[in-house]
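Visitor: Annotation comment: TrEMBL describes B:12-36, B:75-97, B:118-142, B:185-204, B:216-237, B:249-270 as transmembrane segment.
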Amino acid sequence: MIEVKDIKKKFGRKKVLNGVSFTANKGEITCLIGINGVGKTTILNAIMALTPLNKGEILINGEKINKHSFEKVTFIPDAITMLPQMTIADAMQFMQDFYEGWNQERATELLGFFKLEETEKIASLSKGNAAKINLLLGLALDVDFLLMDEPFSGIDIFSREQIAEVFTSHLVEGRGVIITTHEVHDIEHLIDKVVLLDNGVVLKEFNSEEVRENEGKSVVDVMREVYHK
Amino acid sequence: MNRYLKLVNFELGRFIKVYLVLIAITIIVQVTGIIVKANDYLAQADKAIYEELMPQSQFIEQYGQMSFLNFARSLWFMGPIALCAAALAFYIFLIWYRDWFGKNTFIYRLLMIPTARINVFFAKATSIFLMVLGLVSVQLILLPLESTILKWVVPTDFRVDLALSEIIKFDYLTILVPQSFIEFILYYGAGFIVVSVLFTAILFERSYKWKGILMGIGYTLLSIVIFAMPVLLMIVFNQDYLYPLEMLAVETFLGIVVLAASIWISDFLLKKKVTV
Amino acid sequence: MQIDLNNRDPVYIQVIRYFKEQIATGMFEPGQEIPSRRELANRIKINPNTAQRAYKEMEEQGLIYTERNLPSRITKDEQILGAVREELIVEAVESFVTSIRSINVPVEEVLDLVQKKYEKESNE
């Protein structure tokens, strides 16, 4: 379980996160929703200790983040972070060199699934293909949690479909996923839990299937209520 | 440890192309230089002896014999060394900033490696250190080679032969090529401390942005003051408190203090304060 | 397998309904093997936990059964299969009646129209 407890973060005078709390469970897909600039990315960065917080704490399986955490939780940022001059094979080698949990078999499988060649250079990948490699480098790690920042934004529809397919496959089976998006429509049926953010706070945290069952509302219905009241 | 070594290997790999170009420039310029310098000298001698009909002995008396030092004091020799030094000095900064401001933000990857983040710091420092050693080695191999070329081009009567051990005593070369193991430790240890202090300053900037620049500069100045303290005190009180050996011991101790502080602060910044 | 999911009804209920329709129309035969939970989730792009829930519910209702580690199958129980068909017919008629009642049409006229429409569509 990832527990985010009352975290606060200021950029200059601007309070980007003003006491955000939520939990994300293993085996569930948790979706952080909010318009751009509400600090979704900052939350993911904070979970990975990639940006300091002004207040609050984050626990991963009950522990504060430490060097071992990076074998348990991995972050897939919204743009590929491997060096442009590397080939896909180099990038995979880098992961294999540094992570015990790198699963080469799964990486090869994903490469086939995405129909990409190892010899391609990172710099020459299209936006959609770069997003897929970015995803591959995270998915091929045997981790408990995957954090994905806007995996669907700015890429073509076919890449989007392929990436969506990953969510229902054995590749994320049993793992916890935290995904940020400003556009929930594509993945409405894929997610377990929704965390609605605005102005640095959590407006509502709910289970999407429960809301459909108990209130007869779609995720978008709830968003409409919460954001336009 | 294992991941540290892989990181060193990785960091070296990222600079290898530029590094090889630096080595190539050094070789080409210096070898060309020694030939040009020797020919200049011979042309001068030719002119004096055959055109102005000056006796050979008078020419040598007037202009001196050609020695390696004629070449070593020229831009042909010092230029490439200065270029390499400047490139590596620049790379002390680039080795960090390229990870944030390069085309893809590679610092994410480095900070998420399942190892203590200070290893990234050590790997980068080690790479710089190894690259300096590498360039000095290349220079050491080049010196006898250049000496030999000189012997081929300039006839015996016109030249003074210097042994390698004499050449490396030539002013700044004594620092690049220490004469003893102790000197090696002192010079390169000091170099390593300077790199660590600059790295710490860079990490201050990367952690606190504008405020961090001031903190970085402040930290660098503080380090200099600490290191120079014994000398400063002696100047202020105009008195020699310490024997040279004692001075060396105190400076070594202060150097270790500054190094330890840099590592400790960098570790803290990388763990708690740095931002992608 | 093609399900048009809406966003407001619980997904697991929509899945169960889909299975019932397939059973009632004979697309799923008694004893037929059905996709695994994960396959289903993957094919219709729903959350695997939801697929799991739909299967669990269907098992409790006796619509499907699972023997040890084998794939799940459609039930062979005639009584349950019959009830499914009946349930769907009754549901459809109920919603038809509700909407027709709101326009206030005599039942004879409606039945006549229904019959004509049915025959016409069968001839097409």
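Cβ coordinates are placed from backbone N, Cα and C, and glycine is handled just like the others.
Any idea what these are sitting next to in the structure?
Guide: Panel annotation: around the transmembrane segment (B:12-36), residues 71, 74-77, 79-81, 83-84, 87, 91, 95, 127, 130-131, 134-135, 138-139, 142, 145-146, 149-150, 153 of the same chain, lying at least six beyond its termini, place a Cβ under 8 Å from a Cβ of the stretch.
For the transmembrane segment (B:216-237), the list of distant contacts is 193, 197-198, 200-202, 204-205, 247, 250-251, 254-255, 257-258, 261-262, 265: same-chain residues at least six beyond its ends, Cβ to Cβ under 8 Å.
Long-range contacts of the transmembrane segment (B:249-270) within its own chain (CB-CB distance under 8 A, at least 6 residues past either end) are made by residues 111, 116-118, 120-121, 186, 189-190, 192-193, 196-197, 199-200, 203-204, 206-207, 219, 223, 226-227, 229-230, 242.
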